[in-house]
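As recorded in TrEMBL:
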type	residues	note
BINDING	Thr9, Lys41, Leu73, Arg87	substrate binding site
BINDING	Thr9, Phe10, His17, Gly88, Leu89, Arg90, Glu98, Tyr123, Thr124, Phe125, Thr126, Ser127, Ser128, Ser129	ATP binding site
DOMAIN	5-133	domain 'Cytidyltransferase-like'
SITE	His17	site 'Transition state stabilizer'
Amino acid sequence: MITAIYPGTFDPITNGHTDIVRRATRLFDKVVVAVALNAGKEPACTLDRRVELAKTVLAEFDSVEVKSFSGLLVDLAKTEGAEVILRGLRAVSDFEHEFQLAGMNRRLAPEIETMFLTPAERYTFTSSSLVRNVAAHGGDVSSLVHPVVEAALKDKYSIETE
Ligand code: ADP
């Protein structure tokens, strides 16, 4: 039984994230989607909201669990019995940061391997920050996020501009 942990800010979860999760469910027995508090990044949505949206979007996958965390990822990975940390790579620009993270996590927990998956080509340009930006200016993000996320973004940004 191999468990993979897929950490991120998921602010909000996009179809790119879901694409990675779908691929991971074919490879691992269990996938824990770990939503980081990530105070340093000052997320646009609260932790509870990000978790709730991820749970709704990923409800179709029986082997996926969504959890929140605020400490070290490797500590959560150990508690969950995860052998693999999973990250998505969209472009070369992701690589430098991901390589550093993987190196640090290996130093902290040598027994855990970081693995990378790439999304379908159509999600290569999708990021949570771009989705937020487009939604904040009233742009159409329906092809980039699940309908519940689209509705949540509409809610958020219509309230903010009132
Ligand atoms: P973080 O703040 O940790 O980068 P994100 O929620 O932005 O969290 O992303 C989580 C992981 O998913 C990262 O490894 C990121 O590279 C990856 N990811 C984000 N968007 C996509 C996408 N469209 N396709 C594939 N991987 C993605």
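Backbone N, Cα and C atoms are what each Cβ position is placed from, and that goes for glycine too.
Overlay of TrEMBL annotations on the structure.
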| residue | record | DSSP class |
| --- | --- | --- |
| Thr9 | substrate binding site | coil |
| His17 | ATP binding site | helix |
| Lys41 | substrate binding site | helix |
| Leu73 | substrate binding site | helix |
| Arg87 | substrate binding site | strand |
| Glu98 | ATP binding site | helix |
| Thr124 | ATP binding site | coil |
Query raised in the report: When the number of other CB atoms within 10 A of each residue's CB is tallied over all shown chains, which of the binding-site residues Thr124, Thr126 has the maximum?
Result: Thr126
**Report entry** Integer Cα-Cα distance in angstrom, Leu73 (substrate binding site) to Ser128 (ATP binding site)
**Finding:** 20
Report summary line: Note: among binding-site residues Thr9, Ser128, least Cβ-dense neighbourhood at 10 Å is Thr9
Report summary line: Candidates Leu89, Glu98, Thr126, Ser128 (binding-site residues) passing the 10 Å Cα cutoff around Thr9 (substrate binding site) are Ser128
Report summary line: Record-listed ATP binders Thr9, Phe10, His17, Gly88, Leu89, Arg90, Glu98, Tyr123, Thr124, Phe125, Thr126, Ser127, Ser128, Ser129 have a maximum CA to CA distance, in Å, of 18
Report summary line: Same chain, |i - j| six or more, Cβ under 8 Å of Leu89 (ATP binding site); the result in sequence order is Phe95, Glu98, Phe116, Leu117, Thr118
**Report entry** Lys41 (substrate binding site) versus Ser128 (ATP binding site) - Cα distance in angstrom
**Finding:** 12
Query raised in the report: Under a criterion of Cβ-Cβ distance under 8 Å and sequence separation of at least 6, what residues of the same chain contact Arg87 (substrate binding site)?
Result: Tyr6, Pro7, Glu98, Leu101, Ala102, Thr114, Met115, Phe116, Leu117
Query - Least Cβ-crowded entry, counting other Cβ within 10 Å, from the binding-site residues listed as His17, Lys41 - result: Lys41
